[in-house]
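Copied over from Swiss-Prot, here are the features:
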REPEAT    74-103  repeat 'ANK 1'
REPEAT    106-135  repeat 'ANK 2'
REPEAT    139-168  repeat 'ANK 3'
REPEAT    174-203  repeat 'ANK 4'
REPEAT    207-247  repeat 'ANK 5'
MOD_RES   Asn246  (3S)-3-hydroxyasparagine
REPEAT    251-280  repeat 'ANK 6'
SITE      Leu256  site 'Essential for interaction with HIF1AN'
DOMAIN    371-423  domain 'SOCS box'
Amino acid sequence: MDGTTAPVTKSGAAKLVKRNFLEALKSNDFGKLKAILIQRQIDVDTVFEVEDENMVLASYKQGYWLPSYKLKSSWATGLHLSVLFGHVECLLVLLDHNATINCRPNGKTPLHVACEMANVDCVKILCDRGAKLNCYSLSGHTALHFCTTPSSILCAKQLVWRGANVNMKTNNQDEETPLHTAAHFGLSELVAFYVEHGAIVDSVNAHMETPLAIAAYWALRFKEQEYSTEHHLVCRMLLDYKAEVNARDDDFKSPLHKAAWNCDHVLMHMMLEAGAEANLMDINGCAAIQYVLKVTSVRPAAQPEICYQLLLNHGAARIYPPQFHKVIQACHSCPKAIEVVVNAYEHIRWNTKWRRAIPDDDLEKYWDFYHSLFTVCCNSPRTLMHLSRCAIRRTLHNRCHRAIPLLSLPLSLKKYLLLEPEGIIY
């Protein structure tokens, strides 16, 4: 037995070839890869199990549950791995040996992976070799739906130029078009490109949401509590493309409701100027002003006083007076917002609920304001100047924002009529 080696079994030899094949793919050793395929030591469509913690290679049906350890690896062919690593030479070798170009061992074709990796060279090669442009992944997405980053815009353009359907909806419970996806991720260049190539601006998903509504909702980065200028630009573009500003989803929410939920005064101004109706109600009977009221306390980056001012100047119905304590509950740390709302009434009288709604530290911090609030909101009528303001605003109603700036009045009076906060009530 000494000096001899154990014979290599057939299964052992197959494992060795498979390992060499995988190493050649990873190192982009296309010469070695070609030699293995010429010798027919392994099938060109051999499936490997590889690490894939970010699920670039995998795609699963919505609603399916898998344990976490199952999601850390995926099945993939040599084509998928070549695209994943960006190894164009290996990709060409495999295609020259008739690799199955639309294979989906773990739910995605190589073209899906190429778009997710934003590798435009691989996209071009796969398209040239006959990859199906509108093929669904197991999760119901086409290649265009995987173009979700600025670096993948060129991939999307290649697909559309070669005939990909810009209005094809996902084959899942969301039913979103590529335009919805571009709006979701704030890709203004891609939004413009899709519309120029026939995308329906007011296409709706399964929840009856338009791309404008999607962009308005995702304009707030919830984790960072920051507003996205990219999404603002997308909304501006969609409105310029004549998107319906008062479109309603299946909960009767308009894009203005979405912007109000984010307390996003930039988008609210944009939509109101484009003709959004300030008093549209959702399925629960809430208008945009109620949405702002609900979220004011949890939007640290917001300027709620501007949101209220915009809505009231565009004819929004005022908060029901007996519920005014809820305004104070939501805005106790933002006196300017309370000032804007309270000045929309000819007169309103305070009650004990108002005082209970103000934390002691905020009462002390903003004492001058709250002292003026309780002094003015008593049994005595407001000043003649305030009552004149209310009369003018009542006459102009939803034209306040447009008509008041045109009046022959000093700027300070125009600001007063438009409910510009001053930090104190008189």
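Every residue gets a Cβ built from N, Cα and C, even glycine.
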So for Leu256 (site 'Essential for interaction with HIF1AN'), how many other CB atoms are inside 10 Å of its CB?
28
Best-contacting stretch, by C-beta pairs under 8 Å, relative to the repeat 'ANK 3' (139-168) and drawn from 74-103, 174-203, 207-247:
174-203
So what's near the repeat 'ANK 5' (207-247) in sequence-distant terms, Cβ-Cβ under 8 Å and 6+ beyond its ends?
174, 176-177, 179-180, 182-188, 191-192, 195, 201, 253-256, 258-259, 261-262, 264, 266-267, 270-271, 274-277, 280, 299-301
Segment-level pLDDT (mean, integer) for the repeat 'ANK 2' (106-135):
97
Using DSSP and three states only, what is Asn246 ((3S)-3-hydroxyasparagine)?
coil
So how many of the residues in the repeat 'ANK 3' (139-168) end up helix, strand or coil by DSSP?
16 helix, 0 strand, 14 coil
Would you list the DSSP helix, strand and coil counts for the residues of the repeat 'ANK 6' (251-280)?
16 helix, 0 strand, 14 coil
